[in-house]
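**Q** One structure follows; several queries about it will come next.
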Amino acid sequence: MARATPAPAPAPATARARAEARGDAGRRSVAARARRARARAPVGAVVDDATTRARGARGVDGARRTRDARDYWFPVCFSGNLRDKDALVAFDLFNVPWVLFRGRDGEVGCVKDECCHRACPLSLGKVVDGRVQCPYHGWEYETNGECAKMPSCSFLKNVFADELRVIERDGMIFVWAGESDPADFVGPEAACESWDEDVYEANEPGMFTTGEGFVTMAEVIADVKLDSDVVVERLLDITERARREPVSVKNRGRGALFPVDGTRLISKVLRIGYDAVPQSVVFKPSCVIASTIALRPRVGGGDGTSMQVEQLHVCLPAKPGLTRVLFRMAFDFVPEGAQNAAGDVWKNLAMQVLQEELEDVRSAGLKSETTSIAVESFRVFKRGDK
């Protein structure tokens with residue numbers, strides 16, 4: 001007699017439900033890391049148990065506690081940077097080196113950028129059949145951190161590099177940097193704290209989803225030698241001041257950041273006739289600023305609302321005194337496909353905008369009177385009274 005096939009369970013309807021559906025897998029991942037830590041530790045050693053640390057997000061009564069600075073989904077890379085199957089992207093987060101790559105199934109893995117054998121950076125190696133291969137002795141690692149090949153010695157089981165949980169959506173790759181369970185920080189009481197709802201609710205637009213009618217034109221990355229919270233605060237301050245004091249490219253001297261070439265001149269010409277005026281600014285912990293900019297024509301009048309730009313700044317806490325900034329620009333006045341029709345014009349435009357902003361960040365004197373909902377959200381976050 002044929003066995004009846006059970007009906008599939010309905011998909012969770014909310015971010016909280018989705019997170020709870022993932023809960024068992026997440027807890028298994030945390031427990032697995034704890035088992036591996038105990039397996040690697042000398043007999044009698046005291047092990048910092050990841051499972052114990054994960055429980056720290058909630059008290060004995062199940063009530064939520066204040067989240068640690070690492071207990072967030074951090075957008076660390078644009079999906080386009082991992083478009084090629086053999087691509088490797090190295091980055092630092094909280095002074096720990098990591099490397100991103102795609103496995104055989106196309107899923108993204110994030111493992112510590114350090115071989116378990118002789119600590120050689122894995123990012124100096126290459127991707128071989130969905131595994132990252134160390135350039136020193138050829139050890140190969142799966143996306144979950146497991147070492148699957150050791151050509152330089154007899155194979156040893158249960159050797160793992162540290163790994164981070166990964167989610168990919170909205171053209172960005174997110175990693176969970178904390179030891180707690182991400183599900184502990186999803187729900188109505190947490191919605192104002194982070195973009196967790198945006199990350200989990202894949203079928204709903206979040207702050208990383210471009211607005212209707214907007215086309216992503218450029219994604220660029222730059223490093224600035226300042227702490228992440230300083231960069232965020234100064235970017236917010238600069239944006240709020242720009243509401244009252246628009247800064248035109250005409251008012252700037254020639255920078256020394258780029259040599260002159262044709263595409264960069266075109267990018268500059270595109271900006272000469274407009275003043276950029278911020279329309280809306282949103283801060284979400286721990287390091288993201290989303291803003292909408294109206295382009296106001298310098299000649300011919302108009303309020304600029306017919307030409308708008310969406311900007312996204314991610315200010316990653318890479319190392320003490322070093323921030324990695326991910327910057328994305330989307331326009332509502334260009335057709336789909338235009339981003340690929342002008343060579344490097346849009347990328348150069350975005351890089352010019354970002355580098356000019358970072359020059360201001362490096363030299364900015366913060367104005368204490370500057371205030372807005374976004375600025376106050378950041379100040380509340382920094383005080384820790386979320």
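Even glycines carry a Cβ here, placed using N, Cα and C.
Source: prediction; values computed, not measured.
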**Q** Which stretch, out of 1-33, 133-165, 166-198, 331-363, is listed as region 'Disordered' by TrEMBL?
**A** 1-33
**Q** Could you tell me how many residues in the domain 'Rieske' (73-175) are helical, how many are strand and how many are coil under DSSP?
**A** 7 helix, 46 strand, 50 coil
**Q** Averaged across the domain 'Rieske' (73-175), what pLDDT does the model get? Just tell me the whole number, please.
**A** 95
